Amino acid sequence: MMLPDWKIRKEILIEPFSEESLQPAGYDLRVGGEAYVNGKILDVKDSGGVTIPPKTYALVLTLERIKLPDDVMGDMKLRSSLAREGLIGSFAWVDPGWDGNLTLALFNASNESVELKYGERFVQIAFIRLEGPAKNPYRGNYQGSKHLALSKRKR
C-alpha cells in the first residue's frame, strides 16, 4: 500500500520538511549541499547550484534526511520536467529502516548542460508499506549518511 500525504506527514521523518514538497502520494526531495561531477566533490550550497555537463554522470545529495520505519520502503522517480531536459536517474530502493540523506545518481544524456539549483525539487519518493516489519531492516554501509556517499565497493 502506498502512503498518502497525511500518512507521510504523520509516519515518515523528513528533515527539513517542506509543505510545498508534500504531494498526494509522495514527497519531492530537494537538491542538497553536495554533488560529485567529473571526479570532484562540489559545494552546491555555497555556489547555489550544480551544472551537469552533456553526457556526464553525477551524484547529488538530497537536502532531506529520511528515516523509514521497519515496515516502509521508498521508491524514487526523477521529476518529469528534468527527464524532458535529458536527465536519467538511477535510484535504488530505499530499504525499511533507512536513516540518512540520500546520494542519487544522475546522467545527463542530452547535448546541453542541465543546471540544478540548491533546494530545487528534483526527485519524488513514494512510500510503500510492507505486510509487516522487515526481519532485517537496513543497517548497511550508507546508514546515517549526512554527506555525499561515494561507492564503498572501490575501497
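Any Cβ shown, glycine's included, is placed from N, Cα and C.
The following features are taken from Swiss-Prot:
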- R79, S80, S81, L82, A83, R84, D95, Q124, Y138: dCTP binding site (BINDING)
If we take the residues R79, S80, S81, L82, A83, R84, D95, Q124, Y138 that the record assigns to dCTP, their largest CA-CA distance in Å comes out at 33
If you count the other CB atoms within 10 A of the CB of A83 (dCTP binding site), including all protein chains displayed, you should get 13
Going by C-beta under 8 A and a gap of 6 or more residues, the same-chain neighbours of D95 (dCTP binding site) are L68, M73, A134, P137, Y138, G140
Row S81 (dCTP binding site), column other C-beta within 10 angstroms, all chains, value 10
Lowest 10 Å Cβ neighbour count of the binding-site residues R79, Y138 is held by R79
